[in-house]
Each structure stands twice: as structure tokens, then as C-alpha cells.
Amino acid sequence: MELTTRTMATAKNIALIAHDHCKTSLLAWSKKHKSLLKKHHLYATGTTGNLIQNETGLSVTNMLSGPMGGDQQIGSLISEGKIDVLIFFWDPLNSVPHDPDVKALLRLATVWNIPVATNLASADFIVSSPLFSESVDIQVPDYQHYLNGRLK
């Protein structure tokens, strides 16, 4: 696959998602890092986003609840280059009805080369990185090149 460069701005577009058993952890993490997060643009699935917004006062653009299509909405934003970082506290010990959506979301984050945190430690590493508050170039698939090759 041919690659091209996409520049992430200093203010990142961050998606926040948590499965039910992980919402408390993501909420506590959001409170702990509120001063950092307020410098960025936050997106979240419905329940998670409303909890974070109500408990922290942070501005959050809320999608639908995960099982109702919110994971897919976030995935679409990733594919469009509109999400720079995915913080996704998922529960590896419990299956959810929308497991295929979860797998698709993680696949898209990998395809489009965005940083992904799936637990407290990895989320802390991401926000403590000097790159978190800088403009950063990343390599992403060159979709136009891909499409042109498919249409020949």
C-alpha cells in the first residue's frame, strides 16, 4: 500500500470510548488529565461522552451510544482523518453485543496509523508524550492511489 503524510495539529481530535465496566476508570482518567484534555477536541460515544462532559465540564462532541452505532461513527471519523488519537478502555473479560464493531474500530485505528490506548498505562503514556502537544506528521494509506489502482 502506498502511503502519504497527514499532519496532526497541535490540538488533537481525541476519541474517548469505554465499555460499561471501564467507564469509571476512563472518567477518573479524564478528571486527572482535564487540564491537558481541555486543549484538544474531544469526541466520544454517547454514554461515555455525557458522563465525561457532566462530571468534568469538558466539551465533548457525542456520537450515539456504542451498541447503537457510536463505535462505527467514530470509525468513520478515523477513516476520514478526523480523529488523531483513540482512547478506548474496553473490557477484555466480557463480550458485548457489538464486538464486531469494536474489532472494526481497532482495525481502522491501525490502518490509519493513529495512537491507541486501551488501558490506563497506555493512555498515560500517550498524554505524557511530548508529541501529544505538538504538530505531528504520520504516514497513512494513500487512498487516492489505492482507488486509482482498483479502477484500472
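Using the three backbone atoms N, Cα and C, a Cβ is placed for every residue, glycine included.
Pulled from Swiss-Prot:
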DOMAIN    6-152  domain 'MGS-like'
BINDING   H19, K23, T45, G46, T47, T48, S65, G66, H98  substrate binding site
ACT_SITE  D71  active site, proton donor/acceptor
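DSSP states for the domain 'MGS-like' (6-152), grouped as helix (H, G, I), strand (E, B) and coil, give 75 helix, 29 strand, 43 coil.
The substrate site is defined by H19, K23, T45, G46, T47, T48, S65, G66, H98, and by the 8 Å test on Cβ atoms against their centroid, the other residues of the chain that qualify are I17, A18, D20, A44, P67, G70, D71. Within the model, the domain 'MGS-like' (6-152) carries an average pLDDT of 95. Among the residues H19, K23, T45, G46, T47, T48, S65, G66, H98 said to bind substrate, no two Cα atoms are farther apart than 17 Å. Taking Cβ-Cβ distances under 8 Å and a sequence gap of 6 or more within the same chain, the neighbours of T45 (substrate binding site) are L16, I17, N62, M63, L64, S65, G66, G70, D71, Q73, I74. Spatially close to H98 (substrate binding site) yet at least six residues away along the chain are G66, P67, D71, judged by Cβ distances under 8 angstroms. Counting Cβ atoms from all protein chains shown, H19 (substrate binding site) has 20 others lying within 10 Å of its own Cβ. For the binding-site residues shown (T47, S65), fewest C-beta neighbours within 10 angstroms: S65.
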